[in-house]
Amino acid sequence: MAGVITGRALVAVAVVLAVLGCAANAQKLSPNFYSKTCPNLASIVRSGMASAVRKEPRMGASILRLFFHDCFVNGCDGSILLDDTSTFTGEKNAGPNANSARGFEVIDAIKTQVEASCKATVSCADILALAARDGVNLLGGPTWSVPLGRKDSRTASQSAANSNLPGPGSSLATLISMFGNQGLSARDMTALSGAHTIGRAQCQFFRSRIYTERNINASFAALRQQTCPRSGGDTNLAPFDVQTADAFDNAYYQNLLSQRGLLHSDQELFNGGSQDSLVRQYSTSASQFSADFVSAMIKMGNLLPSSGTPTEVRLNCRKVN
């Protein structure tokens, strides 16, 4: 009998420990997380982003993309910021990031300022989340309260970066399923795709669209072909949004209606499928797009590493402590 009781007791203890473990790992995010420990955080990040965007408007889009590529790989944990070393393979050289993810030095500069103001307090993951919001807002987009309290992971996954991030040739079904894997709805996906109202893409990622696809405006294809030859010029850049390249607005959706989506995956949102009516809605209502974009950004920003992932507040965003 004693043995049975002991067994039950052990099970009970194990359950309690498991629950406590989960509780310890459950990061509660709140916009006020640093209000006492780092009261100037928001203004430091804003000022760093204002200076970066002034120097190069495209940087707003680059930082937003870093945040997206961070969150889709084991949660928003700053893993994309880790450099490769001889003993550690990070995410920077995964297919979707190699020679295209950029803006790391902007995050470094902001982190240096934050550390000077509040040492060893604010995670790189939170700095990236705030910087993404500010980049959008500085280019004319909405602003929102960013829930904070993320920790930085001590690990990264090149393989997850290769498998979790949708590529430029993705079909609508693939986009819906890959966003769905992250708990994001088709509506969230279509709103978040509106991030392509800013930024640039390399010729190699839209070449096949402008030379071989039929659902493309002929004069738009001809315009893009001027700087994206059939061979060579792989890294030549073109703006996603042919109307207002550096303004965060709803022109991206208007472009889709006239078959001026730059990537195959862009035009998939308006090509006789389930998102056509939502694209039409966003194309005429900037406020609806803004509201849905903000809500999807907060939802994406709430993706956290799985329970038990080793985390910390990194002192240098490029390497574990």
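Positions of Cβ are set from backbone N, Cα and C atoms, glycine also.
Which of Cys38, Cys71, Cys203 pairs with Cys118 is settled by TrEMBL: its disulfide partner is Cys38. Neighbours of the Ca(2+) 1 site: apart from Asp70, Val73, Gly75, Asp77, Ser79, Glu91, residues of the same chain with C-beta atoms within 8 angstroms of the site's C-beta centroid are His69, Cys71, Phe72, Asn74, Cys76, Gly78, Ile80, Ser153, Ala156, Ser157, Ala160, Ala161, Pro305. Take the mean position of the Cβ atoms of Thr197, Asp241, Thr244, Asp249, the recorded Ca(2+) 2 site; other residues of that chain with a Cβ within 8 Å of it are Ile198, Gln243, Ala245, Asp246, Ala247, Phe248, Asn250, Ala251, Tyr252. The average pLDDT the prediction assigns to the domain 'Plant heme peroxidase family profile' (28-321) is 97.
Neighbour counts of Cβ atoms within 10 Å were taken for the binding-site residues Gly75, Pro166; the minimum is at Pro166.
Counting only same-chain residues six or more apart in sequence, the Cβ atoms lying under 8 angstroms from the Cβ of Cys203 (disulfide bond) belong to Thr227, Cys228, Pro229, Gly233, Asp234, Thr235, Asn236, Leu237, Ala238.
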